[in-house]
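The structure appears right after this line, and notes come after that.
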């Protein structure tokens, strides 16, 4: 600096560097504003979605009582009858059934990947599962139409003495079990792999078999993560739209068997939205379905988070 | 059963479960490729023939309009979403926000990530009604961008988190501003960030529920930002429910294109993530 001042062009150099610093500080200030905005965007979006859905549901909520709508089984928007019970029952059936089918397999597969598989096999199996996770659900629906639907309609349903076309609650549950499995697997693998190796070493060191180690030590230690994975999986199935819309058969009735056709909350929106948009109260009814979906899925989510925290405190292994 | 027999039994069960999942994945991909590929071989023109006005009934014409619709909707949506996602991730990772605020935002991001896509569709549709517009390409972009945002932010956040601390320390040490440091951190984590963007893109291009009511179910070529358009998943969804067997077979051809694109994107993002892991100290060792 002092050398350049002596050589005569010092003032120019000083202003140039001042300018440069000024520009850098300006960039810093502007970018800081933008980034702060982006930081708040997630919260803003969340709030906006809730407010919009609530606001749009108000016309319906001001005219009908929530309890009555949730317990009535008469859904015929053309006559302004909004009973959500059939769709609620359908959604609950599908959610529980697909988790019963999917979760045990997912957890066993996660145990295989985290504890049994090694080296190349492990890489290959887990990338296969990543691929499964990324396949669009519309393709699952499409493949199910020619693989699962005839299978259920021609073999499984008659075997349990139920005449059915193959479209219905059971088919949707089976396919949703497949859709949600990779999701549960990768979360469970994550929590199993996060466990310190000392746990395994200690348990194996006192003479436990590998399975005993897994069952008694590892599943307990990774339990919070696995439970929350299952709960998040519940949320996934609950809000699934495209697969149920393609495979459930779309009749708004309370399903009398697992092979009956039915309706879930999201398919209610898909099947009716096009025609109902013109009448405000019917539109409001479908937006209310959206609101209900969001609330339940978010409850699952917060539940998963709380459960995880609580269990982590209780099942400490350190 | 003694404990060693049980050990063997559960070993087999775990292997069986993993084999089952892999088999299902192979089945889904194989059926799509076989059925879709067959349509392509018998009728290669299906890809480029413009659809007729009654093609849903008569099966004339292909699905080029949906391919273009997908590109015009998911492309811009990814750019918008990526800009926001990278900015949010930088804000959460660098020295702009407190840890408590980061945790709070992460919680909201997780919740948004789990929100069913159909809800985004309904949300954007209510906006469309509120402003008195009609379903169009533009609102499809908005809906997909919202859908991709939490996914991309999560991946980007993770990539930035695993960038070496030394980058940050060195740049601050040289007198850089927060923004300059953030740029260097993004650069250090670039392959991971790009892999995250690709994953978001793949999810966006495969989703039907968000665009079902927001971009419309047009059977014409996309004509402009405020004209209706359709995407591949929506087309597959509609065609699969058709009563016309020929139209249904076209759904498989479209599914073939979709699955090839998605698989390609996953391979690219895996390659990038693999390269990334090699350059990160303490990165994945598989």
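From the backbone N, Cα and C atoms, a Cβ is placed for every residue, glycine too.
Going by TrEMBL, these are the annotated features:
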type	residues	note
DOMAIN	B:67-269	domain 'ABC transmembrane type-1'
TRANSMEM	B:12-34	transmembrane segment
TRANSMEM	B:63-92	transmembrane segment
TRANSMEM	B:104-129	transmembrane segment
TRANSMEM	B:135-152	transmembrane segment
TRANSMEM	B:188-206	transmembrane segment
TRANSMEM	B:251-273	transmembrane segment
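The stretch in B:12-34, B:104-129, B:135-152, B:188-206, B:251-273 that contributes the largest number of Cβ pairs under 8 Å to the transmembrane segment (B:63-92) is B:135-152. Simply put, out of B:12-34, B:104-129, B:188-206, B:251-273, B:104-129 has the most Cβ pairs sitting under 8 Å from the transmembrane segment (B:135-152). Same-chain residues lying 6+ beyond the ends of the transmembrane segment (B:104-129) with a Cβ under 8 Å from its Cβ atoms: 88, 92, 97, 135, 139, 142-143, 146-147, 149-151, 153-154, 157, 207, 209-214.
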